[in-house]
Amino acid sequence: MAETEKPKTKARPIVRLGIFLISHSIFFSVICFSAGVLALLLLPMFAMNTYISENALMPGSANTMLSGQEVSEANDLVKDLKGLNSKSGSTIFGSQQILAQYISNLGAEVNYHRFQPQSSQFHPLHFFSSPDSGIVQDNVSCMTQGINTVGIIRAPQADGKEAIVLVTPYNPVKTSLHETLSLGIAYSIFSLLTQVSWLAKDIVWLAADSRYGEYAAVSAWLRDYHTPSFGRSNMIDTYTCAETNVLYEFEANHVTEKESLDDFKRAGTMAAALVIKVSNRSEHFEDSLSVYAEASNGQMPNLDLINIVNYLAEHRQGFRIKIEKFWPLLDCKWLKFLGEFFESIGKFIRSLNPEWKFGMLASDYVDGTATLASSLYYQAVGIPTGSHGAFRDYQIDAITVEMSPKFSSGVKVRRDEFILRGGRLIEGVVRSVNNLLEKFHQSFFLYLMVSTSKFVSVGVYMIAFALLVAPLPAVAASLYSYANNSNLTLEKIEPAAPANSDDELIVSLRSWKWLNAAKRVFVVHLWGAVVSLLPYFISQIPGYSPTTNSIIWALLSLLTLLILSVILGSPLSSTKSYEQRIQEWAFLKAMTTSAAFIGLCLMSVINFATAELGAFLVVSMCLLAHPLKLDLVAGNFKALSRAASNLVLGFIAFPPVTFFLFKAALQGFDNLHLGDFWNWMETLWAWNSATFLYLGMVHLPCWVLCTQILLHPC
């Protein structure tokens, strides 16, 4: 009786699906990448209306209390600060003295915060620390140290565990008219808050000395606020500074001991922070307001904070809300055509069923796309758009509110009205935040703005990124399978021999041939890390221009790549047989695609906007990369088109070329200089932007590996 064979177990559906996608990787890649691009283009149409998620905020539910009395007091402060600029012989510390005296007159606590200027020098060990953790500049004297003026109101209805921070940056050496106006707005609301009984959180007013940059002053104060100090060994002794004694020369009835003014005073945990600025640009028609929210590496404050500012500014105080746009897109003809196409599709869909809401006006689509591109760009660059970014490093929700008046700062009647409206806006925001019983958490922290009243949440725009990178693992698996199958084909040609232990060892070694390609990928990524560290050593050389530094960086990068290639083996060796070289480039592309997929996914955790923009070029390079020699030998239309596309894409995707093309689109080719790329990269590493690491350790190695695939001697 014949033995019955056991039926084969059926593979799981997920395994069968994976095998199907791998076997149809080309079709799957085209579909996913096209869908990813289409999803990005459709993002403005899937934007949601903004709304207040946290019910406790209740913006505009209470009547404003700011009156003409506080505005009059604020005008006195503005007048004194303006008079200080015109007074001959006034010291640079006169403005701090005036501010401290006004704060003391209100009965609030006041103190000075001294900080030392720091140089923004690249250091690899400081890269993931705060942006101002640089080297303290030498020869710091009493006249060169920065001095912030801090006022604190203790809330009568609280235990001092929470606080709201108001920040007004200004230059005490030469305080401009718009800076005095921002100080006046902050003082008017600060004066009101010393009188109210409903305050449940402490109020901290930081008049930041911006001589060395707004961010540096705010960040230095935040660092000392959150770090216990056990001495003043690193600061200049205030008793030996005769230049700063003017800070303590109050009037007789407002004498404060010197030690109490220098003691660092703290309030509670910061619930939110507002940076108040008045633009030096005057509007022609009406007062306007701009909100800047981007912090380091694409971090954003809770959307509720932006929504309450926009709501109160537009619906309570009559400000016109402005938002940043990518202006070249507004005149882009293909974008207008795309908007008209989507508008016609929307009309057709609504004609079938009026309840189906799809499509938007072409003008709204173009405007929304320009705004979304601007939001995506500023998040991807990873550089804060204002001093509010220093708060985000401590997980504190903060924004910069910049008001633009429609008058000259010297017109007193309109100035009083502007201070009143600006003060009432800040009062409304403080009231809303004061109502919170916990930190902002209800609304979104990951989003892209499409307009002042529309946004795209992470749950929507991550779909486009997922579609863009989805083909990478499928292509890598398909190429790995192809390379292994080609190895098996070669084995079938050879005559069969009895199996023994030596044959099993040979088969085992052949199955590990991908390690050679993995070694090459590792070498190139190691080189990318070296290239990322080279600016630290180049910046140590004094007296070189940005153009010279760029040339040195390029030459050293090429030299290190050649050295690593010689030490660990040249990736363009042609001593192998034709079949082995075919197998080699397939393994190399599989490993390159896998590394690109891992790099993009890791970058999406740090800065999603950078990963989304980078996926365009990186995924395109990985999918199209194919040896030029094979395409030229084939000679058909498909092969030649792929070769031409690879050459064009390889040129555009080179980081310096991408930068110059982008800058030329914004400013024209007349303003391009070779040293601009070095200046931009220097800015990225000075702000510890993760985009710098992405370019050096993900994008550039991927470009080099794809170039090696194109030049592979098949």
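Glycine too: its Cβ is placed from the backbone N, Cα and C atoms.
In TrEMBL, annotation is done automatically, which means it is predicted and not curated.
TrEMBL lists 21-47, 458-483, 520-538, 550-573, 585-609, 615-634, 646-666, 686-711 with the feature transmembrane segment.
Listed by sequence, the residues of this chain that lie at least six past the ends of the transmembrane segment (615-634) yet keep a Cβ under 8 A from its Cβ atoms are 29, 33, 36-37, 465, 468-469, 471-472, 475, 585, 589, 592-593, 596, 599-600, 640, 642-643, 645-647, 649-650, 652-653, 658, 698-699, 702-703, 706, 709-714. In terms of C-beta pairs under 8 Å, the stretch of 21-47, 520-538, 585-609, 686-711 lying closest in packing to the transmembrane segment (458-483) is 21-47. No contact links the transmembrane segment (520-538) to the transmembrane segment (21-47), because fewer than 3 Cβ pairs that are 6 or more residues apart lie under 8 A. Proximity of distant same-chain residues to the transmembrane segment (585-609), defined by a Cβ-Cβ separation under 8 Å and at least 6 residues beyond the stretch ends, is recorded for 297-298, 376-377, 379-380, 382, 446, 448, 458, 461-462, 465, 469, 472-473, 475-477, 479-480, 482-483, 486, 513-514, 516-518, 520-521, 525, 571, 615, 618-619, 622, 625, 627, 690-691, 694, 697-698, 701-702, 705-706, 708-709, 712, 714.
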